[in-house]
Amino acid sequence: MGKQMAALCGFLLVALLWLTPDVAHAQTQILFQGFNWDSWKKQGGWYNMLKDQVGDIASAGVTHVWLPPPTHSVSPQGYMPGRLYDLNASKYGTKAELKSLIAAFHAKGIKCVADIVVNHRCADDKDGRGVYCIFKGGGPRGCLDWGPSMICCDDTQYSDGTGHRDTGADFAAAPDIDHLNPLVQRELSDWLRWLRRDVGFDGWRLDFAKGYSAAVARTYVQNARPSFVVAEIWNSLSYDGDGKPAANQDGQRQELVNWVKQVGGPATAFDFTTKGILQSAVQGELWRMRDKDGKAPGMIGWYPEKAVTFVDNHDTGSTQRMWPFPSDKVILGYAYILTHPGVPCIFYDHVFDWNLKQEINALAATRKRNGINAGSKLRVLAAESDMYVAMVDERVITKIGPRIDVGNIIPSDFHIVAHGNDYCVWEKSGLRVPEPEGRR
């Protein structure tokens, strides 16, 4: 009876850890996107080049690095995958080079996040109809060697009509995979476990996660047990008749909250709501940074522990510039996300190409020194057109905006630790230290 009780307790402990992951661990993360849209063009291989920058990335207090899609792909960037086990066909480098890069990050205590593209797949061959729908896995024992029956039946351009209907948004450029098919679930789960056990990845970034249901994502997360998951659920803001974002974006952030709750475990989502509001707010509309309840207006206002904040990525910024942050205001975005709740994500370009490394590192150091984490307490002290001021954990105060005179908002026992054009960060200290010149 004692052994049975011990076994039961052990099972319950594992279940509890799955349902309520280590909050402290989740809250101390800084994610770094380690590539841009054109990284595949790097002579000598991106993996090899990035390996030389591991030390610089670690110096910013980064805990997780997001790496590009590692597999064979019809498109050089990796987002039109085909042979999923073939890591030597990647434009970023070979499998051996990838494993060496991951080992270098692990040696610095940084976990590696794979860009997982499984909503759709590109086939190697045509079937008898002349349709590209014969897939090759490039791996052991015919794994991931599929035919048209593994495609969603409503993707009529490629499917033979025998699969299930798509559980998410359509992806027109390639066959949408039937994620309700048991063989698909089993073999993709095996592949995800292989990425962790054989290649060394610790977590995932789920590309185009709107393409399949949260229930499907939950299945893969439960089967493969990554330590970190962040989903790309790119939802548009609501806009008023004047073309500007509406003041209320509750519907947008609710979609993100719903997804992470339905997936559970370590699942988080990129906070597209905060990005959209913030990049409008820094253009003379900082009043947007406080919602009707006095909280942050994005996902971090409702569920910060599960929100990954960012300024730009390979899609929104880089050379694609699909939804870019104003170029002259980028550092204001970092002043916000690196001192606020949520898990901040730093973009490669801004550190290594935009000459913002020193300022970003100073903000990241402030975050680490004061223990700011995903669940930190935020108090918005002011949100007006030309000034936003907030206190985090009663230890750090951030001011964004061109207004120089902030009145009596800043207590006398706070001193400046980071500042630049239109932003300033104060830190509480028992001993008042001299303020840098140019207090803002």
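One is the number of the first residue shown, and numbering goes on along the chain from there.
Keep in mind that glycine also has a Cβ here, set from the backbone N, Cα and C atoms.
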Inquiry  = Record says Asn119, Asp166, Ala169, Gly211 bind Ca(2+) 1. Source is Swiss-Prot. Which of Asp127, Asp160, Asp176 does it list for that same site?
reply    = Asp176
Ask   = Out of Asp155, Asp190, which is the one Swiss-Prot records at the Ca(2+) 3 site of Asp170, Phe171, Ala174, Asp176?
value = Asp155
Inquiry  = On a C-alpha basis, identify the one among Asp145, Ala169, Glu232 that is nearest to Asp315 (site 'Transition state stabilizer'); the candidates are the recorded positions.
reply    = Glu232
Key: Proximal residue to Asn119 (Ca(2+) 1 binding site) among recorded positions Asp145, Asp207, Glu232 (C-alpha distance)   = Asp207
Ask   = Any idea what the Cα distance is from Asp207 (active site, nucleophile) over to Asp166 (Ca(2+) 1 binding site), rounded to a whole Å?
value = 16
Ask   = Highest CB neighbour count within 10 A among the recorded positions Asp145, Asp207?
value = Asp207
Query = Which is it, of Asp176, Gly211, Glu232, Asp315: the one of these recorded positions whose Cβ has the most other Cβ atoms within 10 Å?
reply = Asp176
Query = Restricting the comparison to the recorded positions Asp166, Ala169, Asp176, Gly211, Glu232, which residue's C-alpha is spatially nearest the C-alpha of Asp145 (Ca(2+) 2 binding site)?
reply = Asp176
